[in-house]
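Scroll down for the structure; my scribbles are underneath it.
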Amino acid sequence: MLDLKFIRENPELVRKAVADRNTDAPIDEILELDNSRRNLTQELDNLRAKRKIMAKQRDETAIEEGRVLRGQISTLESELSQVDEKLTDRLLRVPNIPDPSVPVGKDESENVVLYYRGEKRNFSFTPKPHWELGEALDIIDFDRGIKLSGSRFYILKGAGARLQRALIAFMLDLHTRKHDYTEIYPPYMIKRECLVASGNLPKFADNLYHDAEEDYWWVPTAEAPLTNLHRDEILSAEQLPIHYVAYTACFRREKMSAGKDVRGIKRLHQFDKVELYKYCKPEDSFAELEKMVADAEEIADALKIPYRLKQLVTADISFGSAKSYDIEMYSPGVDEWLEVSSCSNCTDFQGRRANVRFRRTSEAKPEFVHTLNGSGLALPRVMISVIENYQQPDGSIVIPEVLRPFMGVDVIR
């Protein structure tokens, strides 16, 4: 959420930021509601002051005028409450301001590749896509996944399930033991206010799964619960930075992706992900972003899979982000660069929505923290890259060395 005072004092800057994102936001309506709110507040203050004076007088005229004032105050309080509710809703629909270092671009086609790491493998045969390899090895079962849950669901079997478990364990171990993140295992169902704080609600409700009876929401990413771990808290400067890592399943309706990537396990309603999350001081957040990217890249380096880093343009960064990078692994069977991580600095956008603050000293005024999030990494796209990059001419899959202690085998046949 943006500071209302900032919008009031910098309306053209905010309008330009929204335009650079190639989206829309109700800036004019916010300014009108803000003006109405300020006028109503002033009018209420005047009436309350007048009523206070009348309360000290005992004559019939003053008593009658006091009754009239009570009615007027009640009416204005109701109007102010409605204006406040509308204003809050509209503010929640305004995206974050892109950092000046973010390139302006109209869509993802203009994202900037910063560098490539690792060499693409030279195959002596035509590499197969993961769905062919998975079915032939009996480690992925699409038909039974559809039988159980419908399209965009699948089942991992035997060594396939073990490979995913090995990847998750390896990632969590690396991030907790080497990168010093604290592991969290959060609930998969969270309250509405958690998703408001993370920025998923109200704007993206259509892409979320919801239990309407009890108003629980299935997590679209561990970012949502991690944003709320310190909601409505005031931290000390000594506690920052805080680094969390969490593995969860993630649930998304993918309504915007209807008809896309229908084969394989690239785009699903349920998938698994290891998420990195940071709380830090404002002056440290961009350095923390670079560290987060390096932490995520180390997974790809360890797996020895070619990848590239992209800086996202203004129109492609997420709703709450001020600056984002994507890590994409190369998958030869589908001949695609697959996004396996998006690392973002959300500055104080989520901190303000979640009301997470810190004090630099015990007497200092509380400030909003900056928050960052990133995949470290996202499955099953990492699975796709492992299966396709490590396939052999006979259809078997060699297990990357770093995963062998978790798998107990060197090859899936």
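Positions of Cβ are set from backbone N, Cα and C atoms, glycine also.
Keep in mind that what you see is a predicted model, and the values were worked out from it rather than measured.
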Per Swiss-Prot: L-serine is bound by Thr221, Ala222, Glu223, Glu275, and from Ser124, Ser362, Ser375, Ser385 the site also lists Ser375
Looking only at the binding-site residues Glu223, Glu275, Ser375, Arg252 (ATP binding site) has its closest CA neighbour at Glu223
Once DSSP output is merged into helix, strand and coil, Arg252 (ATP binding site) belongs to coil
Going by C-beta under 8 A and a gap of 6 or more residues, the same-chain neighbours of Arg253 (ATP binding site) are Asp206, Asn207, Leu208, Tyr209, His269
Taking only the CA atoms, the spacing between Glu339 (ATP binding site) and Ser375 (L-serine binding site), expressed in whole angstrom, is 10
Same-chain residues at least 6 apart in sequence with Cβ under 8 Å of the Cβ of Ala222 (L-serine binding site), in sequence order, are Ile184, Pro186, Ala246, Tyr247, Thr248, Cys250, Lys273, Glu275, Tyr277
